[in-house]
Structures are given as C-alpha cells and as structure tokens.
Amino acid sequence: MTTLRVLLAVCCAAYCILAEDVTVPANGELKLMPDQKAGGRLEGQWKISTPDHYYLIVSCGLWSSASGTCKDKILITQGGKTTEVCGEGKNSFYVQQDTNLNTAEIIILTNTPDARAMCTVYSAEKPKEENTF
C-alpha cells in the first residue's frame, strides 16, 4: 500500500499543475504567460481575484498549427462556467466579462511546440446601482 501511495504521489507531481494565486489590483491589469516545458509545451494555471466592488475582464489569445483538434487550449472558468478556447491551426481570441464576477481561473495547456498563448486580465470598477424611487 505504501508503494502505491508513493507511486501515486510521483505521478501527480509529474502531471499536476499547481495553480498560482494572483490578485489584479483595482483598475489594474495583469499579463499571464505560461511556463515553457520540455519539447516546447506551454503550461500555466492561475486563480485570479480582484477586490470587491470590482470585476474581471479576461482577454486571451492562442495560436497553434495543430488543426482539427484541441491539443492546444485555454480553459477559462468564471461563475461555475468553463469556456474552452482551442488553437486549431489559427489565431483564436476570447474576451469575457461579467460585472458580477471578481474571480476567475485560467489554465493554458499546449502540446504543439510552436503554440503561443497568453492572457491579460483587467480589473474594472462595478457600475454604480442607481436608486429608483
């Protein structure tokens, strides 16, 4: 049983990506660049937040020569909904904003050596609620 636990821990360490917690300052921006791994693969995972009374605008771009598959992808999770952005042999861009959400998680995983990916996350002040009398 102990050998199995050690083997499982080694496998998890080899294949799991640990998310980096980052905070976007109020009215600020943050560029997210994945780490380059062996064979040119890119990997990155971030848990992002901004202060209360602010929301996140997520903007990601991915280019990959791998067409017809989703070998290279960006996963963007906000408010319990995950969006998958695939390279598929072209430039793929994605912008998401929800004025109710001040957290997000982004995962970038590529298997094609020439793939390029990055995200920029902006913090914006939530709109003021108008009093309706």
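Positions of Cβ are set from backbone N, Cα and C atoms, glycine also.
Listed in Swiss-Prot for this protein:
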type     : residues    : note
SIGNAL   : 1-22        : signal peptide
DOMAIN   : 23-125      : domain 'CUB'
DISULFID : Cys70-Cys86 : disulfide bond
Report the member of Cys70, Cys86 (the disulfide-bonded residues) whose C-beta atom has the most other C-beta atoms within 10 angstroms.
-> Cys86
DSSP composition of the domain 'CUB' (23-125), residue counts helix/strand/coil, works out to 3 helix, 61 strand, 39 coil
